[in-house]
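Student: Right, I'll just put the structure down here and ask away after.
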Amino acid sequence: MSGVNEIRSTFLNFFAENGHEIVPSSPLVPRNDPTLMFTNAGMVQFKNVFTGVEKRPYQRATTSQKCVRAGGKHNDLDNVGYTARHLTFFEMLGNFSFGDYFKERAIELAWKLITKDFGLNKDKLLVTVYHTDDEAHGLWKKIAGFSDDRIIRIPTSDNFWAMGDTGPCGPCSEIFIDRGDHIWGGPPGSPEEDGDRFLEFWNLVFMQYEQVTKEERVDLPRPSIDTGMGLERMACIMQGVDSVFETDLFRHLIDATASALGSGPNEQTVASFRVIADHLRSSAFLVSDGVLPSNEGRGYVLRRIMRRAMRHAQLLGAKEPLMHRLVWALVREMGQAYPELMRAEKLIEETLRLEETRFRKTLTRGLAILDEKSASLKKGDMFDGDVAFTLYDTYGFPLDLTQDALKSRGIGVDQSAFTDAMERQKAKARESWKGSGEAASEAIWFPLREKLGATEFLGYETESAEGVVSALVKDGQEAASLKAGETGALVLNQTPFYAESGGQVGDTGVLLGEGGVKFRVTDTQKKLGDLFVHVGTVESGELKLGTALQLEVDHSRRSSIRAHHSATHLIHEALRQVLGDHIAQRGSMVAPDRLRFDFVHPKPITAEELARVEDIANDVVLENDEVTTRVMGVDEAREAGARALFGEKYGDEVRVVSMGRTARERGANALGWSVELCGGTHVRRTGDIGLITLTGESAVASGVRRIEALTGNYARKHANDTMALAKTAANELRTSIDDVPARITALMEERKKLERELSDARKKLAMGGGAAASNGAASGVREVGDVKLMARAVEGIEMKDLKSLADDGKKQIGSGVVAIVGVTGDGKAGIVVGVTADLTARFNAVNLVRVASEALGGKGGGGRPDMAQAGGPDGAKAPEALAAIEKAMAGA
């Protein structure tokens with residue numbers, strides 16, 4: 001029973017047998033806490049339960065919670081691999097009581113589990129309590145039989161937990177085990193407490209107070225329990241090993257790494273193997289929960305984790321990307337407990353492969369930049385810390401690699417400046433990171449929602465109804481009436497108008513009343529979750545509170561919206577079939593005339609894949625199967641295979657939309673081919689969609705793709721317009737529609753050939769008879785002191801060709817300097833300066849090109865001592881630029 005998986009199941013089953021609900025781990029991206037970057041404790045998903053904001057159908061719970069501590073306040077990243085217990089990803093086992101049992105029962109359960117079920121030696125255990133918590137002290141004596149010296153009173157915040165400056169709080173009791181005197185360290189509270197001999201593995205938090213203000217603390221009417229046990233630490237104890245990396249799970253991951261590399265860990269390399277094993281876990285779980293590598297926020301932290309592991313893989317001698325080849329081993333170890341790993345396996349592999357491929361390229365580029373930036377430094381100098389950070393931040397070039405590369409030359413790195421730059425970047429990441437909290441609604445809607453309650457939505461059954469005006473709002477204030485020509489918003493007691501949500505736009509239409517009252521609805525919005533607000537203008541009459549109205553949704557528009565919304569479901573499932581189970585929705589927009597669908601995928605979709613997606617979706621349209629909706633419990637829906645939008649918060653009951661007959665008959669899913677949790681409006685049969693045409697595919701963020709599509713008459717019009725364009729192109733090319741692609745290819749090849757010939761002719765002309773330098777020499781070559789200078793201004797030569805001209809010029813003169821200004825058609829200029837190898841000690845091409853650039857109205861320029869380039873906005877100053885180079889050479 002000492003394996004990680006067995007320990008996890010033993011813990012959960014123990015508390016289930018003692019009346020606790022086993023609650024699945026929440027995602028690593030917190031749904032209900034915008035203050036956190038990542039979930040870092042088991043209580044995070046219950047925060048609103050503890051504060052009384054949210055009610056659950058149970059009062060006792062137990063979980064095994066995925067946690068990440070990397071970035072922000074809790075950051076273990078730099079320690080991982082070099083200590084026995086630090087991890088970026090770990091599992092927190094916990095049991096929770098929401099106003100049910102309290103301190104005595106919590107201690108009883110904990111003691112029974114660790115001594116009976118886990119079989120720990122009582123004589124090796126000791127606990128801490130908050131120094132004023134006499135109750136906990138007495139309970140440990142009573143239940144465990146501890147003597148006073150094994151119940152240590154701690155006066156610091158280590159033994160008092162608080163949710164924040166205000167809110168629930170209370171004392172803690174931590175359970176420790178003495179692992180023996182072969183490990184350095186002392187008991188908690190002693191000078192040697194930072195050692196690893198006495199290992200804390202379970203923290204019991206007794207939430208019995210509420211911090212009202214900084215000075216005022218009161219008793220909670222219903223105290224609660226929150227506990228957290230580190231699974232990896234418990235495995236360490238149960239398996240009798242000194243480090244979490246020696247437990248079965250990590251041994252298997254390290255063995256897989258060794259097998260992939262062809263050699264195992266030794267004293268010099270063991271830290272790298274450990275880093276890879278830990279970072280593989282955090283990277284994989286973050287990707288499976290929807291985080292993808294980027295340069296800001298959560299994605300920035302993930303990229304740091306990934307690239308740190310990839311750097312260690314390279315240190316171990318990996319010649320090719322390694323991380324993606326280890327995912328199978330992680331899925332084998334943890335996929336049973338966390339099915340999301342299995343579902344996202346392909347996405348995780350591809351994300352790691354692409355990131356490591358990019359990283360290897362940036363390493364090569366980074367080394368080249370490092371060489372250039374440090375070229376003028378000598379032994380004992382310090383490399384600029386800001387430049388070191390730019391290498392890290394822009395090129396993914398780690399600081400330790402910069403230090404290693406410069407160490408052999410006796411050059412250090414200004415780490416203080418690097419750290420300052422890092423802190424600025426972290427602040428930027430925090431500012432750019434938008435948490436997961438809901439945006440605050442306008443203040444006016446709070447009292448209205450309190451007074452009116454939720455709006456009854458009738459739109460699933462009808463698009464026409466009667467309603468009564470419950471509230472009117474004008475210019476952000478409640479109003480008694482709206483007159484003809486006035487714009488405002490109104491709330492009805494019931495409505496068939498769909499309010500914008502779930503990506504579907506709000507309905508439009510008209511509201512008609514006696515006496516010629518007509519209100520044109522231009523949008524319908526949802527405030528505070530369930531208050532439907534109709535926005536528009538009074539076209540005639542006067543609208544008053546209590547007015548009875550006939551409510552008419554724009555039926556044609558709603559019909560098109562329904563078709564586009566149902567099409568998004570079919571496209572979603574078709575994408576999964578073509579690209580893999582990792583496909584997960586990240587957003588959508590459903591309008592009457594188009595749709596877009598954003599989803600997780602690490603690379604562009606090929607034309608062939610798009611065609612297959614379109615064909616599969618249209619096959620289901622042609623089935624003309626009935627679209628069914630049913631309301632069921634959220635857990636029942638998920639067990640039935642219903643897809644949910646990542647990060648969306650669902651109630652206890654959800655609406656499930658199913659469509660597609662054929663796959664159901666094959667037994668793929670009992671509910672249908674496409675089954676999603678959805679509150680939107682849909683067609684009655686798939687055939688009502690008419691036709692689905694994919695019109696675009698693009699990237700919207702790192703690892704997130706977007707598909708755009710049309711349905712019905714909009715798709716037909718798009719097809720007709722496309723055919724008309726094809727016919728026009730065929731007529732212009734004097735060929736058939738079928739032969740248009742081949743004809744265009746032939747014309748493009750012919751154009752490329754002519755462009756090459758023209759470029760060659762221009763270069764020959766430039767070197768043989770172009771406008772010469774200011775001295776007027778026909779060849780453009782003159783002596784500056786004892787050095788030849790070929791200085792020419794040419795027109796119609798692209799920047800990329802100027803370098804080859806400079807190379808040709810260097811060959812012609814044998815020894816000297818070549819300066820060529822190319823003037824473009826819009827009057828701008830580019831300049832290239834080349835210096836033959838024998839003269840680079842006297843003349844630096846970078847310095848010369850910068851002088852010329854300044855004369856052209858530009859600044860800067862870069863390259864190598866033997867070849868550099870720059871540009872400027874004023875091509876008319878080409879003679880002055882060449883003269884400036886000559887002057888600079890003369891003064892050298």
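Glycine is treated like the rest: Cβ placed from N, Cα and C.
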Student: If you look at how Swiss-Prot annotates this chain, which of 57-76, 857-876 comes out as region 'Disordered'?
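Tutor: Checked against Swiss-Prot: region 'Disordered' maps to 857-876.
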Student: May I have the list of same-chain residues other than H565, H569, C678, H682 whose Cβ is within 8 Å of the Cβ centroid of the recorded Zn(2+) site, in sequence order?
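Tutor: Apart from the listed residues, the neighbours are R562, S566, T568, V627, V657, M659, E676, G680, T681.
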Student: Which bits of the chain, at least 6 residues beyond where the region 'Disordered' (857-876) starts or stops, bring a Cβ under 8 A of a Cβ in it?
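Tutor: For the region 'Disordered' (857-876), the sequence-distant neighbours (Cβ-Cβ under 8 Å, at least 6 residues beyond its ends) are 372, 799, 802-803, 806, 821, 823-824, 827-837, 840, 844-846, 848-850.
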Student: Please work out which residue of H565, H569, H682 has the most C-beta neighbours within 10 angstroms of its C-beta, and give that one of the binding-site residues.
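Tutor: Neighbour-count leader: H569.
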Student: Per DSSP, how many helix, strand and coil residues does the region 'Disordered' (857-876) have?
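Tutor: Tallied per class, the region 'Disordered' (857-876) gives 2 helix, 9 strand, 9 coil.
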Student: Counting across all protein chains present, how many other Cβ atoms fall within 10 Å of the Cβ of C678 (Zn(2+) binding site)?
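Tutor: Around C678 (Zn(2+) binding site), other Cβ atoms within 10 Å: 24.
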